[in-house]
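Annotated features, as they stand in TrEMBL:
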SIGNAL    1-32  signal peptide
DOMAIN    35-495  domain 'Glycoside hydrolase family 9'
ACT_SITE  His422  active site
ACT_SITE  Asp473  active site
ACT_SITE  Glu482  active site
Amino acid sequence: HILIAMASPKACMSTYLIAVLCLVTGAHSAKAFNYVDALDKAVLFFEAQRSGKLPPGQRVAWRADSALSDGNASNVDLVGGYYDAGDNVKFGLPMAFTVTMLSWSVVEFGGEMPPGQLANAEAAVRWGSDYLLKAATATPGALWVQVADPYQDHRCWERPEDMDTPRAAYKVTPQNPGSDVAGETAAALAAASLVFRARDPAYSSKLLRAARQVFDFADRYRGSYIDSLSSVVCPFYCSYSGYKDELLWAATWLHLASSPSPSSQSVYMTYINSNGHTLGGEQDAYTVSWDDKRAATKVLLSKVFLQNRVESLRPYKAHADKYICSLVPGAGGFQSQYTPGGLLFTERDSNMEYVTSTAFLLLTYAKYLSSTGGAASCGSTAVTPSTLVSLAKKQVDYILGANPAGMSYMVGFGARYPRRVHHRGASMPSVHDHPARIGCDEGFHYLHSSDPDRNVLVGAVVGGPDQSDSYSDSRDNYAQAEPSTYTNAPLVGALAFFTGAR
């Protein structure tokens, strides 16, 4: 594979994407990484997180079928989907966000992926969207949003193939609403429908119909799922930002998925224009996560404004600029924290999820700005797309090893990477190597062991180093050592972007 390097003048004129990368790589020297390989590994991680009956062609061979009776106690089929991180719970809010961001990655940058990698990325989207489709349609007037009691799950350290903890299923209803998780589910289904619009129109239409129904449910029966299901969703995935951001986020994706062209005045654009100011459209936010979608929504609506000149969306571009400016050192409005080694630092726990989402949004916004020759307005400073690409590249390269520790924070990438990941299946011998069941309490031996993981969790991006660029490679250190699907999902798009410089 050819890595990002100095390109010829002819190559630099071929597309905007290549031109910006030429500017960035020409502006400073940096260690070159094999982004194609990193992308392949980032997508492979999702196969290790699969729940249910594994398909033919499953590449992560140390995994096997698991949770094949999910939903049975409630007379519904909830088999499938993803385990969110290092445990064996299926949490609906982060799973839906994972599907949304993975879909957005494919929609924006799938054209930069080699064909085989694009097929694998689409398969990763579909594994999640198939499950969300089940959750959305299994019971009329309800949305199934979680499988397993997390407190019971966390009392054990078990392989998913062995688990015997309670697999209760939880739903939101008109009487016990969850507009946050329902809104995110609608966004995920709508975004996934765009991924398959050309390749599988029938499936795409099915996803879009379900997205519309779930959005109507979320909007009509308003309330947060932490009020309806707080005993099983908190403190794990509390919706601290409320549900309004998810409603605007979902309406934006539904507009893009429903309209013949982004400039069309769809029912969802009418909804955005009528309700945006009450749903966080006028609020500035400076992080993006499975909980808070305000900044991401403004970036996405800026696309419609910039590329289609929908004037009613002009304020969203101003808010998107404020978010972007907050990330750029030296720009007016800069307010982010970076480690001495240059990593964006937002939270002590699982900081990399903020790094990957930020890198992705920097690249998407650079793409949108470039389509009109625009820039981000940061006070008296105009920040160009190439600046945003350069900042995003620094974050991605840090993850891959360009950091003070000389360590890749993607498992299996490079010569030095985390060997003790906070992940049940990776830490224990596989069912192929150790067919006998490993019990609930017996498994804690592996959690607390200093031995390297029995199975390499290839492609997983861990929580990452602290504000001083320090990392403790200990399985007990979940704040730094636990990976998640929603950390990898936007990274797929960022890596695809840089893969385009091959």
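Cβ coordinates come from backbone N, Cα and C, glycine included.
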>> Let me make sure I understand the structure: which of the active-site residues listed (Asp473, Glu482) has the fewest other Cβ atoms within 10 A of its Cβ?
In response: Asp473
> Hey, how far is His422 (active site) from Asp473 (active site), Cα to Cα, in Å?
Replying inline: 10
>> To the nearest Å, how far is the Cα of Asp473 (active site) from the Cα of Glu482 (active site)?
In response: 10
